[in-house]
Every structure is written in C-alpha cells, then in structure tokens.
Amino acid sequence: MSINLRTVYAFAREMYPKISTEYVQYGTAGFRGKAEFLDSVMFRMGVLATLRSRYRGGAVIGVMITASHNPEPDNGVKLVDPKGEMLDASWESIATDLVNVSDQDLEQHVAKIIKDNNIDITSSSHVFVGMDNRYHSPRLLKAVADGVIALKGNVREFGIVTTPMLHFFVVAANTKEAYGKPTEEAYYEKLISAFESLRNGQLENGNYKNNVVFDGANGVGARKMLQFIKRMNKSLNISVINQGIGPGKINDECGADYVKVQQRPPISMPIVEPFTRCVSVDGDADRVVYFFTNDKGEFQLLDGDRIATLVAGYLMDLVTRSEIDLRLGLVQTAYANGASTDYIVNELKFPVSCVPTGVKHLHHKALEYDIGVYFEANGHGTIVFSDHAKATIATAAETKASAKTLLLLIDLINETVGDAISDMLLVETILNHKGWDVKDWISTYNDLPNRQLKIKVQDRNVIETTNAERDCVKPEGLQAEINKVVSNYKRGRSFVRPSGTEDIVRVYAEAATREVDYQSVKQFTIILLTHFFLWFQDTENLAYEVGVLVQRLAGGVGPELTQPGSAHL
C-alpha cells in the first residue's frame with residue numbers, strides 16, 4: 001500500500017483549513033471549544049488516530065466527538081486507546097503539536113510523527129468514530145473520517161452514541177469480542193441481561209421502590225435510555241425527562257453538571273413525590289448523579305462520592321461472604337468530600353488512594369487493585385477488575401452465591417470508562433438488594449459543607465502542587481499561609497490548584513459548620529440575625545481567606561474577593 005502524504009495537505013488546504021491561530025492543548029477532555037473552529041482539529045485527529053492504530057499494531061482506536069457537559073454551541077474530540085483507556089499521555093503532546101501546526105507545515109509534520117515513532121505506514125489501521133447529538137457533530141464526524149481516509153485507514157462510523165458506548169465498541173473489537181460484540185445491540189443486551197439476572201424478578205424490596213426519574217440533559221443519554229426501556233422487561237420503571245425533543249438545549253439548566261454545581265433540580269423537573277429517586281446524566285452520558293427533595297421541599301444531592309461509598313461497601317460485603325482473598329481499593333481526588341473519605345476508611349475499612357484530578361489518573365491507579373473503584377465527585381467513575389480477580393471470582397462462583405452475584409456485576413459494569421447508564425443500573429441493583437430508599441442511602445454519613453472559588457491570576461503556572469494536588473509547593477510560602485488559616489476551622493481543609501485551560505487558580509474549601517439554635521435566633525433583629533448567620537458560615541469564610549491569599553501571593557489580577565455576607569451589611 002502506497003500513501004502519498006501530499007493527500008493530507010490537500011485535504012487540509014481544500015476542505016479543512018486551519019482558521020484559528022489560538023493555541024490549543026490536548027487535555028483530559030481532549031480538545032474542546034466552539035464548534036465553528038474545530039473542523040481542522042477533527043481532520044487532524046482522524047489522521048492521528050490512523051497513525052496511532054498503526055503504531056499499536058493495527059488495534060482499533062476510537063474517536064469520540066463530544067463536548068460532554070459543555071453548552072450546546074461547543075464541541076470536542078478525544079481519542080480512545082485499545083483497552084478503552086484515555087489516549088496515552090506520551091501522545092497528548094503529539095496531538096497538541098499536530099493540531100497547532102500550520103497547513104503549510106502539516107505534511108512535513110505528519111512525516112516527522114511517522115519517523116519519530118517508527119510507524120509502518122503501509123500496515124493496516126482501524127478507527128471507530130462516534131458522536132453526540134449536537135447539531136454540528138455530523139459535519140465534524142465527516143472531518144474525522146476524511147482524516148482517516150487521507151492516510152488510507154479503515155474507518156467505521158457508529159453515528160450517535162454515548163461516549164461509554166464507543167469505549168465499549170473499541171474494547172469489544174480489540175478483545176476479539178471477549179468483552180462483547182462491537183454493536184449497539186450487543187451493548188444493550190449485555191447490560192440488560194446482567195441487570196435483570198441480578199434483579200431476579202424482585203422489583204421492590206423493603207424501602208426500595210421501583211421508580212426512577214431520569215434527566216437526560218437533552219443529550220444522547222436520553223435517546224439511549226429510551227432504547228434501554230424498549231428492551232427491558234419492565235424491570236425498572238423509568239420516566240425520562242429532557243429527552244432532547246423540542247426547544248431544550250444540551251446541558252441547558254439540566255444534566256449532571258448543572259445539578260451538581262447549582263445544587264438544584266433541572267429547571268424542567270416535574271413535580272414528584274418527596275424522596276423520589278432522580279438521576280441526572282451529562283450530555284454524553286459518562287457522568288451520573290442522584291438527587292431528591294425531602295418532605296420539606298429541600299434539595300438533596302447524592303453525588304459521585306455517595307455512589308463510591310455505596311458501591312465500595314457492597315463489593316466489600318460480597319467479597320467477604322465469598323471468602324476470597326482480593327485486594328480492594330477506592331481512588332478519589334482531593335475534591336472528594338472529607339466526610340466520605342472518613343466513612344470509607346473508618347466505617348467500611350476500605351483502602352483509599354488519592355490522585356490528581358482527571359479520569360486518566362483515577363483509572364490508572366484503580367488498575368493497581370484486584371478490584372478498583374473510582375468516582376469523581378462530579379459522578380464520573382467505574383469499577384475495574386483484574387484478570388486475577390475475575391478468575392478467582394469465577395472459581396468461587398461454583399459454590400458461593402455471593403461470588404455468582406459478583407460475576408453478574410462484572411457484566412453489568414462498563415469497566416472501560418465512566419458510564420452513566422451502567423452506573424445507574426449498578427446503583428439500582430445495590431439499593432434493591434439492601435432494601436434502601438434515598439433516606440437510607442444519605443443517612444450513612446453527613447457531608448461537610450464545601451465551597452469552590454475561581455481566582456483569576458496573571459499566570460496559572462506560578463502554582464505548583466504535589467501530594468495529589470493537596471499541597472502547594474510554589475509560590476513559596478503560600479501553603480504555610482493556607483495551613484495557618486485552615487487551623488482556625490473545625491475539620492477545615494483547603495487546597496489550591498491551577499486550571500488546566502485558563503489562567504485561573506481553583507480554590508476548594510470545606511469545614512464543619514456549627515449547628516445553629518434557631519429558637520434563640522428568633523429574638524434577634526434582622527441585622528443581628530444576618531451577622532449571626534455570617535458568623536457560622538465557616539466554609540464560606542475559609543474559602544474567602546484562602547482566595548485572598550492566592551490573590552496576594554500568586555499574582556491575582558481579578559477584582560478583589562468580597563467577604564461573605566458583606567453585601568448585606
């Protein structure tokens with residue numbers, strides 16, 4: 001097979017010229033931005049995926065077109081490596097350089113990638129491409145496919161799929177279908193079969209009721225959830241809202257990120273009975289959070305930390321009852337609520353590791369365990385099982401019912417990446433088994449109040465961190481000042497880290513806000529009442545104090561922070 005690299009330049013010049021001079025960098029989310037500037041990025045990622053496939057001996061490489069939880073005008077692209085993991089870190093810089101090179105230098109640059117990585121350009125190459133349901137995704141998918149074609153690679157287009165589905169297809173193909181067949185129907189069949197076998201006809205148990213409201217964020221998750229419902233034997237009663245039909249836009253006042261950040265239900269949420277289980281996924285269905293309102297109308301969130309603790313406790317119980325010796329571990333980031341970590345370590349006796357922010361860090365660490373659980377607080381996570389664990393569980397399943405349950409769980413879980421629908425079915429399985437409703441689930445521990453701030457700085461690179469981003473080593477003296485501030489707060493914790501994409505420093509703070517005696521408060525005047533509440537807002541004050549330190553010691557350029565409550569005084 002002969003390949004003329006002039007074809008790459010011709011495609012780029014005639015069909016996908018680079019129209020933006022802004023420097024972009026491949027990160028955890030791949031490339032992401034306004035859709036009108038991404039055509040050249042998509043074409044070049046099709047080229048890179050083809051080269052990556054040849055570099056990996058012809059293994060299937062995935063390309064997913066999505067902007068996940070971003071607004072509808074945005075889009076993005078990320079590559080999926082052969083085992084379903086994120087693109088290898090060593091190739092992230094290759095992707096960044098390829099996207100930023102000029103059209104005139106593109107041919108020469110592609111030749112350099114081939115030479116530097118000793119790629120056999122005549123070998124076979126296979127690329128799977130999927131997209132979310134944004135209106136500009138079909139155009140961008142064609143650009144990726146043309147990038148593959150320019151280097152005479154083989155491309156298979158899956159159309160509109162969730163990000164986890166594309167990961168599933170890639171792994172299925174690369175395992176010669178040991179993980180499943182690389183088709184949409186096989187994906188549905190694998191998850192539904194495992195879920196209904198685990199349910200075994202028991203639709204309700206104890207406090208658990210067979211009823212869920214599913215917020216699809218007007219994204220692809222809504223479409224696929226409707227397909228699940230068609231194929232399920234009424235084993236889960238699901239009402240789907242924000243289906244993407246009508247004026248609703250992807251992630252607009254709905255979806256997992258909105259619910260998590262705003263701490264409120266989607267705007268379009270129908271009136272439901274108190275304590276009804278509600279689920280929100282994001283635009284590409286790789287994040288999931290639960291929520292409900294209590295009998296006082298108060299919003300209650302069950303985020304990724306809550307899912308992690310629920311899953312960890314259940315797995316620990318099954319492994320113990322199966323009488324098998326496996327190394328279990330849970331992986332968190334510094335953003336995990338301190339109360340969840342305390343509960344996991346002290347109550348569940350489940351080992352916990354902390355890694356830097358980003359799914360690739362969590363997934364890599366989870367692979368060190370026989371059974372590794374990871375969830376970010378935003379609801380992105382999964383469980384991975386080592387080959388040793390699977391073999392051990394299979395042997396135990398010959399005599400132990402609990403081990404048979406573990407085997408079915410392995411089929412229910414999409415190990416390749418966080419999968420909102422798979423994770424939801426897992427949570428429903430556990431709650432049903434325990435006979436729990438949301439009141440039982442949320443009562444396991446009390447979250448510490450937390451607050452996040454963004455501090456604009458001249459250069460985010462002045463901030464350097466260590467210890468999984470929990471300690472700041474530069475600028476010198478900042479961490480010592482943070483420690484002094486934190487020491488003044490009961491169960492106080494705070495850390496700072498630079499943004500990966502803009503000159504912003506992110507501040508996280510949590511503290512145990514004291515209880516307020518509301519009866520005694522009634523006798524105060526309105527002004528005194530305001531002061532009284534400000535006195536008790538430990539978390540807000542801690543975040544403010546650390547934010548001021550960042551502004552002073554790390555080159556803050558934004559407006560000065562307003563002290564909590566000062567606008568009301």
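Using the three backbone atoms N, Cα and C, a Cβ is placed for every residue, glycine included.
Bear in mind that TrEMBL entries carry predicted annotations, made automatically and left uncurated.
These numbers come from a predicted model, not from an experiment.
According to TrEMBL, the domain 'Alpha-D-phosphohexomutase alpha/beta/alpha' annotation covers 59-92 (among others). For the domain 'Alpha-D-phosphohexomutase alpha/beta/alpha' (59-92), the model's pLDDT averages out at 95.
Within the same chain, residues at least six positions away from S68 (active site, phosphoserine intermediate) with a Cβ under 8 Å of its Cβ are A29, R32, G76, T163, D282, G283, D284, D286, R287. Residues or ranges marked as active site, phosphoserine intermediate by TrEMBL: S68.
The domain 'Alpha-D-phosphohexomutase alpha/beta/alpha' annotation in TrEMBL covers 110-175 (among others).
Per TrEMBL, domain 'Phosphoacetylglucosamine mutase AMG1' is recorded for 183-289 (among others).
Here TrEMBL flags 303-436 (among others) as domain 'Phosphoacetylglucosamine mutase AMG1'.
Listed in sequence order, A256, D257, K260, R287, V289, D303, G304 are the same-chain residues at least 6 apart in sequence whose CB falls under 8 Å from the CB of N378 (substrate binding site). Annotation comment: TrEMBL describes E376, A377, N378, R497, P498, S499, G500, T501, R506 as substrate binding site.
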>> Which range wins on Cβ pairs under 8 Å with the domain 'Phosphoacetylglucosamine mutase AMG1' (183-289): 59-92, 110-175, 303-436?
In response: 303-436
> Against which stretches of its own chain does the domain 'Alpha-D-phosphohexomutase alpha/beta/alpha' (59-92) lie, if we need a Cβ under 8 Å and a gap of at least six residues from its ends?
Replying inline: 26-35, 38, 41-42, 45-46, 48-50, 52-53, 126-132, 134-137, 140-141, 144, 163, 166-171, 173-174, 217, 249-252, 255-257, 282-284, 286-287, 359-360, 363-364, 415-417
>> Return the residues near G500 (substrate binding site) by Cβ distance under 8 Å, restricted to its own chain and a separation of at least 6 in sequence.
In response: Q25, G27, T28
> If you count Cβ atoms within 10 Å of the Cβ of P498 (substrate binding site), leaving out that atom itself, what do you get?
Replying inline: 21
>> Give me the long-range Cβ neighbours of E376 (substrate binding site): same chain, 6+ apart, Cβ under 8 Å, in sequence order.
In response: G304, T333, Y335, A336, T357, V359, L362
> What is the Cβ neighbour count of R506 (substrate binding site) at a 10 Å cut-off, with all protein chains included?
Replying inline: 20
